[in-house]
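Structure first, commentary second.
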């Protein structure tokens with residue numbers, strides 16, 4: 001149960017942070033955001049703000065999305081002869097078009113619609129008391145659809161495809177950017193929780209409770225200078241010296257550890273503890289605890305994590321295998337393991353997954369943010385927009401590829417994790 005809760009929290013935070021990036025910069029670019037959804041499936045709660053954005057909390061606590069005006073099937077269609085109730089503002093402009101039998105306004109004007117243009121001319125025409133009349137429609141007017149859903153109309157100037165190239169590009173990039181920011185922040189938080197960043201350039205150590213070194217008398221911040229005669233000046237020297245000293249070690253044999261404590265040099269016999277195929281002496285690298293060290297340490301972890309992911313991506317391209325990919329099932333398995341290991345493991349996993357999500361979404365495949373960014377760049381170079389039909393077909397092809405890949409990866413994960 002703890003693993004499921006951890007998975008939902010991690011996955012939810014990653015997606016919400018990602019989608020908030022798209023949402024925020026879409027609004028800043030003048031694009032009408034129709035909906036910001038947390039979760040998937042049926043609505044549990046909804047609220048419409050003054051800007052016409054619907055905020056929804058949905059039943060399945062997995063994922064979320066941002067729906068922008070002009071994306072996909074976003075056209076409002078009113079069939080000829082459809083009865084509607086028009087509510088006018090003080091200037092005589094239509095501020096509400098009610099196509100349903102609910103949410104009726106007693107002051108509204110009944111009409112049978114014969115024509116409309118809610119994108120360019122912003123007008124609606126129809127029969128009012130058997131007389132044909134045309135009314136101007138307010139730029140921020142709303143439509144109550146037949147099922148009772150109320151949405152804002154989307155004039156051309158607030159649709160995604162009519163925003164500036166720069167506006168669309170930053171809107172598409174903002175999702176991955178937010179994931180990178182989240183990953184860096186969580187890594188910095190992790191370093192602060194750990195008390196600092198491991199100092200691998202030093203031979204000072206932290207001694208693990210009940211470990212081999214602790215039993216031999218070593219204490220935190222002691223300085224190991226030699227192991228079995230091998231000189232130690234750094235953490236890398238220490239690990240290599242332990243490896244060399246224990247290479248042919250018998251079950252009850254010890255190694256000699258020379259260390260400096262309170263300016264006094266001591267040599268003790270330490271019996272290493274075996275873990276799997278390696279020996280340890282129960283020490284960790286000392287920590288750099290300065291505020292600046294912690295900040296830089298978090299950035300270093302994020303940078304290292306990004307390079308690890310990029311190398312994995314490179315390996316995937318040069319030698320593709322489903323076993324190198326992981327979907328929601330693999331993510332659940334990792335979340336479950338992290339939950340068992342404590343908060344620090346959960347934060348480390350969240351940070352890595354956030355950076356991974358950011359990098360993955362920048363791959364220039366249609367349907368991913370990277371594909372949209374690539375089309376924005378092509379449009380900027382050509383200095384003319386890509387046809388909506390062409391863009392739709394390209395995106396559809398990308399979606400098909402991603403769906404097939406996700407099904408294959410999920411099936412492979414299920415077989416690997418549960419069987």
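Quick reminder: no glycine exception, Cβ is built from N, Cα and C everywhere.
Per Swiss-Prot, active site is recorded for 19. Around the Cβ of residue 19 (active site), the number of neighbouring Cβ atoms within 10 Å comes to 20.
According to its DSSP assignment, residue 18 (Zn(2+) binding site) is helical. What Swiss-Prot lists as Zn(2+) binding site is 18, 22.
Swiss-Prot lists 175-274 with the feature domain 'PDZ'.
The transmembrane segment annotation in Swiss-Prot covers 169-191 (among others), and the record cites sequence analysis as its basis. With a threshold of 8 Å between CB atoms, the same-chain residues lying at least 6 positions outside the transmembrane segment (169-191) that come near it are 13-14, 17-22, 24-26, 29, 31, 160, 163, 197, 294-295, 297-299, 301-302, 305, 344, 347-348, 350-352, 354-355, 357-359, 361-362, 369-370, 372-373, 376-377, 380.
Marked as transmembrane segment by Swiss-Prot on the basis of sequence analysis: 301-323 (among others).
The annotation transmembrane segment is assigned in Swiss-Prot to 343-365 (among others) on the grounds of sequence analysis. Under 8 Å from some Cβ of the transmembrane segment (343-365) lie the Cβ atoms of residues 6, 10, 13-14, 17-18, 175-180, 182-184, 186-187, 189-190, 193-194, 301-302, 305-306, 309-310, 313, 331, 334-335, 337, 371, 373-374, 398, 401-402, all in the same chain and six or more residues away from its ends.
According to Swiss-Prot, the transmembrane segment annotation covers 392-411 (among others), on the basis of sequence analysis.
Within 10 Å of the C-beta atom of residue 18 (Zn(2+) binding site) sit 26 other C-beta atoms, taking all shown protein chains into account. Around residue 22 (Zn(2+) binding site), taking its Cβ as the centre, 24 other Cβ atoms fall within 10 Å, counting all chains. This prediction places the mean pLDDT of the domain 'PDZ' (175-274) at 92.
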